[in-house]
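Read through the structure below, which is laid out as structure tokens, and then see the notes.
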């Protein structure tokens, strides 16, 4: 039974003394930590107090400077006030003069407004006259444009008919000249065939050779003339179709004498 019962009056139950010793030890450690924190806080507070004292000293100096500046500001304000009062007096005099000038300008403005009203009435009269004339001219312009369009259509139609007529005339001249030349070529070819037939005999060949040569030269010239006439008439017809002017003329024909 030794040490198994509570030790009165220090224990209510077994282990209270040991527990209290442990709690005492914990409290001692907490007290030590609190003392260390206190010392740290005290050191930090002393530093902050020194900084605040330094800041206070600086603030006192700045306050003294601000007081001096405030005195200077009061002096400057008094000077500015005197200057402002003088300017106020001058501005009153200027305002009085400006009011007189404004009265003159107002009277002048009224005269100008009256003149503007009169001019505006005259303008409206002229504008109405102009609009009436413009409408009249617009109607006439419309009629003239219709006439011009009609004339242009008629002119284009006339040009088409004229081109067609010129082409027809040139075509007729071309066909006529070609017919003449082809007729001449046919006669020349007939004569050549007859001469070549007659020259088949040995006795007549020397006599007819010069005539055959002459007819062959004549036939060659006429064929060249035919090609030239046909080409030139085709060129004239092409120019007329492309609206060229002064193309209605006959192609010059060289009249080769028959052998």
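Any Cβ shown, glycine's included, is placed from N, Cα and C.
Remember, it's a predicted structure, so these values are computed and weren't measured experimentally.
If you look up TrEMBL, you'll see 10-44 (among others) marked as coiled coil. Mean pLDDT for the coiled coil (10-44) in this predicted model: 86.
Summarising the annotation, TrEMBL assigns domain 'TTC3/DZIP3-like helical' to 11-258.
Residues or ranges marked as coiled coil in TrEMBL: 74-161 (among others).
Through the fold, the coiled coil (212-246) approaches residues 159, 163, 166-167, 170-171, 173-174, 177-178, 181-182, 184-185, 188-189, 191-192, 195-196, 199, 253-254, 256, 258-259 of its own chain, all at least 6 residues removed from its boundaries and within a Cβ separation under 8 Å. What TrEMBL records for 212-246 (among others) is coiled coil.
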